[in-house]
Amino acid sequence: MERRTKIVCTLGPAVASADGILRLVQDGMDVARLNFSHGDHPDHEQNYKWVREATDKTGRAVGILADLQGPKIRLGRFKEGSTVWETGETVRITVDDVEGTHDRVSTTYKNLAKDARPGDRLLVDDGKVGLVCVSVEGNDVICEVTEGGPVSNNKGVSLPGMDISVPALSEKDIKDLRFALKLGVDFIALSFVRSPADVELVHAIMDEEGRRVPVIAKLEKPEAVAALESIVLAFDAIMVARGDLGVEVPLEEVPLVQKRAIQIARENAKPVIVATQMLDSMIENSRPTRAEASDVANAVLDGADAVMLSGETSVGKDPHNVVRTMSRIVRFAETDGRVPDLTHIPRTKRGVISYSARDIAERLNARALVAFTTSGDTAKRLARLHSHLPLLVFTPDPSVRSQLALTWGAQTFLCPKVDDTDGMMREVDRALLAMDEYQKDDMMVVVAGSPPGVTGNTNMIHVHLLGEDTRIPK
């Protein structure tokens with residue numbers, strides 16, 4: 001059986017060629033991530049084209065995710081490029097545009113002096129350097145260095161616990177979003193989500209561009225953790241972005257946030273990605289640490305739809321080895337069968353039908369579950385149940401097929417639009433009897449809507465024996 005948990009790979013200089021990306025697809029990449037925190041539009045456009053070319057060559061459906069930078073707060077530039085702050089020193093972070101010195105440097109967050117209060121923490125470079133606000137003098141925030149270390153131009157600053165006043169989309173994000181939509185990406189990931197309402201700003205831009213695609217909420221802020229259930233309901237998918245999350249909330253809370261996010265996302269049939277530092281040591285090394293292997297396996301056993309690679313594939317020494325290694329770890333974890341069952345009992349029509357179809361298929365010892373879908377919803381509702389049976393998904397929409405590349409276990413087939421149930425069964429027979437894995441009279445449990453092609457109309461479970469419809473055109 002194919003690997004069920006999907007792999008997201010971040011593109012970058014290490015794979016920036018047609019052959020490099022083709023090999024990633026062949027190694028097992030299911031979704032390509034364009035990271036708009038780095039690179040420029042021509043770079044992303046070229047990578048996009050290479051992914052689509054690789055999809056055409058291999059026949060594999062590979063989704064493309066545009067990850068917006070978000071309102072990232074950064075230090076300004078230092079006159080010398082960098083400095084080292086020692087523990088116990090006093091430094092000034094100013095909203096004035098100044099050339100940075102050892103003692104005083106600017107920030108991109110122009111409301112810092114208004115929002116900061118004595119006792120507030122400022123964490124630089126993913127928490128490697130720690131500051132605490134002592135006082136505010138005019139446009140300067142006076143800080144004591146609590147954890148010293150090197151700092152350099154444009155390093156990121158996290159403000160855990162501070163009520164900051166920044167929009168969900170920066171001007172750069174809006175430009176990047178419009179560009180990505182015109183390009184044709186399959187997903188948008190929104191950084192530093194704080195509230196369910198943040199998705200409305202993205203939808204407004206999408207409506208102006210005349211194109212809506214799924215929006216992924218990145219869990220990185222304490223506010224997002226507090227509003228987790230409402231954010232899951234508002235967005236189309238979730239990413240547990242453990243890097244920034246581990247800076248913003250206490251480190252020991254991150255594993256439990258991950259488990260809770262996966263559980264809530266599964267209950268609502270929303271795909272969930274676990275991201276950041278999964279095989280981080282493989283940026284330099286040919287083998288992961290044992291802890292990293294356990295981390296990947298535990299994400300699989302928690303029930304994640306996908307696991308994500310960042311620097312490992314974008315700038316790592318051997319990105320192809322990384323993907324193959326992750327795929328091996330995932331496959332072995334999946335053989336264990338310990339993903340907890342969905343304790344949430346569905347109450348909606350589509351939820352109950354998918355739940356019943358899973359039970360029928362497993363009790364009848366069917367060869368596979370089959371879904372016909374125009375939106376992808378039926379497939380996601382079946383996927384969250386994590387049946388041991390293959391999940392074969394038929395759709396007439398190429399974009400839906402690409403979007404299902406993020407959904408656990410979904411093996412997708414592009415098919416023509418059909419007019420009735422007989423047409424569906426003919427498409428199932430045509431596709432599956434051409435494969436070595438399936439033979440005539442194999443039992444399939446098919447979930448669909450009748451009449452076909454109506455979004456949200458899932459209302460049918462059909463037990464089908466391959467080849468029983470003799471009207472398949474020769």
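Even glycines carry a Cβ here, placed using N, Cα and C.
If you look up Swiss-Prot, you'll see Arg33, Gly243, Asp244, Thr276 marked as substrate binding site, on the strength of similarity to another entry. Long-range Cβ neighbours of Asp244 (substrate binding site) (same chain, at least 6 residues apart, Cβ-Cβ under 8 Å): Asp126, Ser158, Phe192, Glu220, Lys221.
The feature ATP binding site is assigned by Swiss-Prot to Asn35, Phe36, Ser37, His38, Arg74, Lys155, with similarity to another entry given as support. Listed in sequence order, the residues of the same chain lying 6 or more apart from Arg74 (ATP binding site) and placing their CB within less than 8 Å of its CB are Thr107, Thr108, Asn154, Lys155, Gly156, Val157. Following the DSSP three-state reduction, the secondary structure of Arg74 (ATP binding site) is strand.
According to Swiss-Prot, the feature K(+) binding site maps to Asn35, Ser37, Asp67, an assignment based on similarity to another entry. Cβ contacts within 10 Å of Asp67 (K(+) binding site), excluding its own Cβ and spanning all protein chains shown: 28.
What Swiss-Prot records for Glu220, Asp244 is Mg(2+) binding site.
DSSP assigns Lys218 (site 'Transition state stabilizer') to a strand. The site 'Transition state stabilizer' annotation in Swiss-Prot covers Lys218.
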Residue, out of the binding-site residues Ser37, Thr276, whose Cβ gathers the largest set of other Cβ atoms within 10 Å: Thr276
Shell list (K(+); ref centroid = CB of Asn35, Ser37, Asp67; cutoff 8 A): Thr10, Arg33, Leu34, Phe36, His38, Leu68, Gln69, Ala189, Ser191
Which of Arg33, His38, Lys218, all recorded positions, has a Cβ with the fewest other Cβ atoms inside 10 Å: His38
Binding-site residues listed as Lys155, Glu220, least Cβ neighbours within 10 Å: Lys155
In sequence order, the recorded positions (Lys218, Gly243, Thr276) whose C-alpha falls within 10 A of Ser37 (ATP binding site): none
Substrate site, defined by Arg33, Gly243, Asp244, Thr276: further same-chain residues with Cβ within 8 Å of the Cβ centre: Lys218, Glu220, Met239, Ala241, Arg242, Ala275, Gln277, Met308, Ser310
